[in-house]
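As written in Swiss-Prot, here are the features:
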- 14-17: region 'Interaction with host APOBEC3F' (REGION)
- 40-44: region 'Interaction with host APOBEC3G' (REGION)
- 54-72: region 'Interaction with host APOBEC3F and APOBEC3G' (REGION)
- 74-79: region 'Interaction with host APOBEC3F' (REGION)
- 75-114: region 'RNA-binding' (REGION)
- Thr96: phosphothreonine (MOD_RES)
- His108, Cys114, Cys133, His139: Zn(2+) binding site (BINDING)
- 108-139: motif 'HCCH motif' (MOTIF)
- Ser144: phosphoserine (MOD_RES)
- 144-153: motif 'BC-box-like motif' (MOTIF)
- 151-164: region 'Multimerization' (REGION)
- 151-180: region 'SOCS box-like' (REGION)
- Ser165: phosphoserine (MOD_RES)
- 170-192: region 'Disordered' (REGION)
- 170-185: compositional bias 'Basic and acidic residues' (COMPBIAS)
- Thr188: phosphothreonine (MOD_RES)
Amino acid sequence: MENRWQVLIVWQVDRMKIRTWNSLVKHHMYVSRRASGWYYRHHYESRHPKISSEVHIPLGEARLVIITYWGLQTGERDWHLGHGVSIEWRLRRYSTRVDPGLADQLIHMHYFDCFADSAIRKAILGHRVSSRCDYQAGHNKVGSLQYLALTALIKPKKIKPPLPSVKKLVEDRWNKPQKTRDRRGNHTMNGH
């Protein structure tokens, strides 16, 4: 029998980021209770040998599943050590892959407090606004001028530890070009 390949969209990730992500998810599920309804599935509960963990996040009828893998083929670089993350949106029998920015937006819409459109109107009219955004990772673009003024007025509180962000999990901190300077402070030829 010949080998059959199955191709998935998987984001290559540093294994320490996966450990940090899993511990943040568990903290907010069991300690702070901000991620109530989320389900963490260990590697020994999965029948697939490459899956290291799964986090199921209910979004109304649908759910978001963040699957972390180990033992994958290594990448082009030395630090791509075979760890990865896939992000899947499921509704009944339909499933599709989503990017980290969209995953953060979906989590933000369903779970964490944010400014409503009415909050901007209330602030302009001089009424008291008590809401604040708890999940800054869910905003992937610059808001309106009124929104920016409102965020300057009401500072978001810092949550320790931070809420788990899918975009932060898959960000590529290794491939960013390093700024190098010679001893006089000038850019060298091999730097960017």
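Every residue gets a Cβ built from N, Cα and C, even glycine.
Thr96 (phosphothreonine) carries a strand DSSP state (E or B). The Cβ neighbour count for Thr96 (phosphothreonine), using a 10 Å radius and every protein chain shown, is 9.
Cα of His108 (Zn(2+) binding site) to Cα of Thr96 (phosphothreonine): a span of 19 Å. Sorting each residue of the region 'Interaction with host APOBEC3G' (40-44) by its DSSP state yields 2 helix, 3 strand, 0 coil. Around the Cβ of His108 (Zn(2+) binding site), the number of neighbouring Cβ atoms within 10 Å comes to 21.
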